[in-house]
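Engineer: One structure, as structure tokens, below. Some questions next.
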Amino acid sequence: MSDGDYDYLIKFLALGDSGVGKTSVLYQYTDGKFNSKFITTVGIDFREKRVVYRANGPDGAIGRGQRIHLQLWDTAGQERFRSLTTAFFRDAMGFLLLFDLTNEQSFLNVRNWISQLQMHAYCENPDIVLCGNKSDLEDQRVVKEEDARGLAEKYGIPYFETSAANGTNISQAIEMLLDLIMKRMERCVDKSWIPEGVVRSNGHTSTDHLNEAKEKGICGC
């Protein structure tokens, strides 16, 4: 796809504590590479990737492909950047929430991150995929899989164990998030009612229309 040759531009936000591997996960997804020497993200950065999304119909048939331009925003996890990070929440359509399987505190802080999303995202029930990262460091693991899955079930969100080092489940997690977003859009009767985190190729976007749709009970926020 050439520049501008897409149906939707969709913004995802990766968030979580500092050092959980957000930058490495996004780099692995967009470039297929791992760099263990990334410096800590200061403020906000982003990466991009073009994908084709095909939804399965009720009869199992694969629908027409939608050309998607993904913007994957990488946020600083440090507390001193929190106000800057939350300012970007409302502009994102989906959220990849990461914690470090070798760092229990990063797992305990997941609840705080979800609370922040519920307060600052475009609606109180945004689409989130939870990722326990660094699954390749099995000998250093301190967070049990059943605990992580239990937390994800409590919030009703998908859970993946990922590794930026070898790429395990990274594409699957982001594809799941994209699928949630596209299905939310499909639940809107009028496809012009799409949040700011989604931009059509003609540049049109409207949070006001999304709010109107929510008030009428049309859109699935």
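Cβ from N, Cα, C; glycine included.
Annotations per Swiss-Prot:
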type	residues	note
MOD_RES	SER2	phosphoserine
MOD_RES	SER2	N-acetylserine
BINDING	16-24, 74-78, 133-136, 163-165	GTP binding site
MOTIF	38-46	motif 'Effector region'
DISULFID	CYS123-CYS188	disulfide bond
LIPID	CYS219	S-geranylgeranyl cysteine
MOD_RES	CYS221	cysteine methyl ester
LIPID	CYS221	S-geranylgeranyl cysteine
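Describe the structural context of each listed feature in the structure shown, including burial, neighbouring residues and relevant distances.
Structural biologist: Close to LYS134 (GTP binding site) in the fold, though at least 6 residues off in sequence, lie VAL20, GLY21, ASP100, LEU101, THR102, GLN140, SER163, ALA164, ALA165, each with a CB less than 8 Å from its CB.
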Engineer: Which whole-number value in Å describes the distance between the Cα atoms of GLY16 (GTP binding site) and CYS123 (disulfide bond)?
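Structural biologist: Spelling it out, the Cα of GLY16 (GTP binding site) and the Cα of CYS123 (disulfide bond) are 19 Å apart.
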Engineer: What is the separation, in Å, between the Cα atoms of LYS22 (GTP binding site) and CYS123 (disulfide bond)?
Structural biologist: 23
Engineer: What mean pLDDT score does the motif 'Effector region' (38-46) have in the model?
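Structural biologist: When the pLDDT values over the motif 'Effector region' (38-46) are averaged, the result is 59.
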Engineer: Quick check on the recorded positions: of GLY16, GLY19, LYS22, CYS123, SER163, whose CB has the lowest count of neighbouring CB atoms inside 10 Å?
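Structural biologist: Each of the recorded positions GLY16, GLY19, LYS22, CYS123, SER163 was scored by Cβ atoms within 10 Å; lowest is GLY19.
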